[in-house]
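Chemist: Have a look at this one before I ask anything.
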Amino acid sequence: MPTEPETDYDPELGRKFIFVTGGVMSGLGKGITAASTGRLLKNAGFDVTAVKIDPYLNVDAGTMNPFQHGEVYVLKDGGEVDLDLGNYERFLDIDMTFDHNVTTGKTYQHVIEKERSGDYLGRTVQIIPHITDDIKRRIREAAEGNDVCIIEVGGTVGDIEGMPYLEALRQFAHEEDEDDILFTHVTLVPYSKNGEQKTKPTQHSVKELRSIGLQPDILVGRCSDKLDIDTKEKIALFCDVPTEAVFSNPDVDDIYHVPLMVEEEGLDQYVMEELDIATEALPEDERENRWRDLVTQNTEGEVDIALVGKYDLEDAYMSVHEALKHAGLEKNVDVNVQWVNSEKMNDHHADRMREADAIVVPGGFGARGTEGKIEAIRYARENDIPFLGLCLGFQMAVVEYARNVLDLDDAHSAELDEDTPHPVIDILPEQYEIEDMGGTMRLGAHETEIDANTLAATLYGGESCTERHRHRYEVNPEYIDDLEAAGLKFSGYAENRMEILELAPEDHPYFIGTQFHPEFRSRPTRASPPFVGLLEAVLGDDPHTVTTEEVSH
């Protein structure tokens, strides 16, 4: 269940459910529409959570290729999930759990296990009712303790994979009070060559949805510009909804502006009225405005960051991008992320690194592109360029230091080179006997102890931090003494595991790496300390002396 320091949950309201479906094509932005709705409801004083339904047969997203699917987002309990849950955590400022991600693989696995154990007492196990009942159970359990639960159904209406979920939603609406259920459908409204907004794709999508037994209460048109009134009226007429239930969600440069745009259209007020909770909302002058203040502030400069990785898909590093953006919001600067392909570290990419104010090497798996990452780290270290290494970036910083400072030319990670004579990065002891790939790494939130009077202690404002992990390998203890004697300080650790490295301020203005993924806990209103410190170093402030009040998590 999502947890926060304080909750506004009012059991007298009962639970409200908002289901968000999509039509015409995938990738329309259902998740951002749903998250923006949740953000506005939270601003109005309601306790909000979310559920993402992914109709694939994978149990989780842990074994999916980031190049095809985008990043694997890690939750505090170790759940490896779709990147949309990252958007929900960032927009709603909550911590979610693996129970908030429903996949076909997880649902079928659970039902089959129950059948094998005899729980169904010899009955024929079918999609209806057994699979649909399990889907409904998962939604209700995830919603416990919240006023509103927003459920996003992945994929597009009409996809065969999604049919059991839409049937479960139809049953769900039949079982709950009418005032407790709201269906939002997000569709594409394209322009014709003559500049006319076309409604036919939306009409057909709603027709498909209605054929399943679902009637949308709200329609959100994804478009390059706002829907004009004629378009809204036409959609309302043919889709059988009031004109005031048709909303625009036009393209924007920054997704954090979407809540403000749909608020201007009155989406939040309409939702509250339909769910019969408008009278329970905070007065407008008492609602949370920090989000608006942050995303509409006038910036006072810009910073260029080189992100050195091997995946061409921007979504593969979404949380890193967002964490850099959050740090920019805190320091009141625009952050321009320059992509540097670590597989093609030629003169062109070297020039891009030289032009950058800082270098970030993110996480990843596999040998492809690692030599380019090592070269980028060497360049940052030798030229006093502020540097942040994350997970694999942390490990490659150890490899780079071993090679170029300790003169261990063949040093490497045992994950990437099984025959290396100097495995400065080696497999975690508990991983030796594990054969399965999915869900078997060191995952989720773990506490790291931090040495006093270090850069890490200054950034985190104390002698410990709790961040999320996703790795099988760690620094080889046999090399720690030699590395530290040569100037590489391991300032954060969990028992005998090294989890933060840094260089002393007299050796480098800002050089830090983390075995964990601080980007997964970064929020627009609470930026991640290592990312804030990176910008501090670029802007000329000494992150080694920044106070806790200036950089807080």
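Cβ atoms here come from the backbone N, Cα and C positions, even for glycine.
Okay, these came from Swiss-Prot:
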REGION    1-277  region 'Amidoligase domain'
BINDING   Ser26, Asp159, Ile160, Glu161, Lys198, Thr199, Lys200, Pro201, Thr202, Gln203, Lys234  CTP binding site
BINDING   Ser26, Lys198, Thr199, Lys200, Pro201, Thr202, Gln203, Lys234  UTP binding site
BINDING   Gly27, Leu28, Gly29, Lys30, Gly31, Ile32, Asp84, Val252  ATP binding site
BINDING   Asp84, Glu152  Mg(2+) binding site
DOMAIN    307-544  domain 'Glutamine amidotransferase type-1'
BINDING   Gly364, Leu392, Gly393, Phe394, Gln395, Glu415, Arg472  L-glutamine binding site
ACT_SITE  Cys391  active site, nucleophile
ACT_SITE  His517  active site
ACT_SITE  Glu519  active site
Chemist: Determine, from DSSP, whether Glu152 (Mg(2+) binding site) sits in helix, strand or coil.
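Modeler: Glu152 (Mg(2+) binding site) sits in a strand per DSSP.
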Chemist: In the structure shown, which of the recorded positions Leu28, Ile32, Val252, Cys391 has the fewest other Cβ atoms within 10 Å?
Modeler: Val252
Chemist: Between Ile32 (ATP binding site) and Thr199 (UTP binding site), find the distance joining the two CA atoms and give it rounded to the nearest Å.
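Modeler: Cα of Ile32 (ATP binding site) to Cα of Thr199 (UTP binding site) measures 22 Å after rounding.
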Chemist: When the Cα-Cα distance from Thr202 (CTP binding site) is computed for each of the binding-site residues Gly27, Gly364, Gly393, Phe394, which gives the smallest value?
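Modeler: Closest by Cα: Gly27.
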Chemist: Please determine which of the binding-site residues listed here (Ile160, Leu392) has the lowest count of neighbouring CB atoms within 10 Å.
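Modeler: Among the binding-site residues Ile160, Leu392, the sparsest Cβ neighbourhood within 10 Å belongs to Ile160.
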Chemist: Roughly how many angstrom lie between the C-alpha atoms of Gly27 (ATP binding site) and Glu152 (Mg(2+) binding site)?
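Modeler: So the Cα of Glu152 (Mg(2+) binding site) lies 13 Å away from that of Gly27 (ATP binding site).
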Chemist: Have a look around Glu519 (active site) and count the other CB atoms within 10 A of its CB, chains all included.
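Modeler: Summing over all protein chains shown, Glu519 (active site) has 31 other Cβ atoms within 10 Å.
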Chemist: Calculate the distance in Å between the alpha carbons (Cα) of Cys391 (active site, nucleophile) and Asp84 (ATP binding site), and round it to a whole number.
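Modeler: Here the two Cα atoms are 21 Å apart.
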Chemist: Considering Cα atoms only, can you say which of Ile160, Lys200, Gln395, His517 is the nearest neighbour of Asp84 (ATP binding site) among these recorded positions?
Modeler: His517
Chemist: With an 8 Å cut-off on Cβ-Cβ distance and a minimum sequence separation of at least 6, pull the same-chain contacts of Glu152 (Mg(2+) binding site), or say none.
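Modeler: Looking at Cβ-Cβ distances below 8 Å from Glu152 (Mg(2+) binding site), excluding near sequence neighbours, one finds Val20, Lys30, Gly31, Ala34, Ala50, Val51, Lys52, Ile53, Asp84.
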Chemist: Determine the mean pLDDT over the region 'Amidoligase domain' (1-277), rounding to the nearest whole number.
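Modeler: Within the region 'Amidoligase domain' (1-277), the model's average pLDDT equals 92.
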Chemist: As a test of the contact definition, list every same-chain residue at least 6 positions from Gly29 (ATP binding site) whose Cβ is closer than 8 Å to its Cβ.
Modeler: Val186, Arg222, Asn249
Chemist: Drop a 10 Å sphere on every Cβ of the binding-site residues Gly31, Pro201, Gly364, Gly393 and tell me which sphere holds the fewest other Cβ atoms.
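Modeler: Sparsest of the binding-site residues Gly31, Pro201, Gly364, Gly393 by Cβ contacts within 10 Å: Pro201.
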Chemist: Quick check: with Gly364, Leu392, Gly393, Phe394, Gln395, Glu415, Arg472 left out, which same-chain residues have Cβ atoms within 8 Å of the centroid of the L-glutamine site Cβ atoms?
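Modeler: Apart from the listed residues, the neighbours are Gly363, Phe365, Cys391, Met396, Ser413, Ile425, His471, Tyr473.
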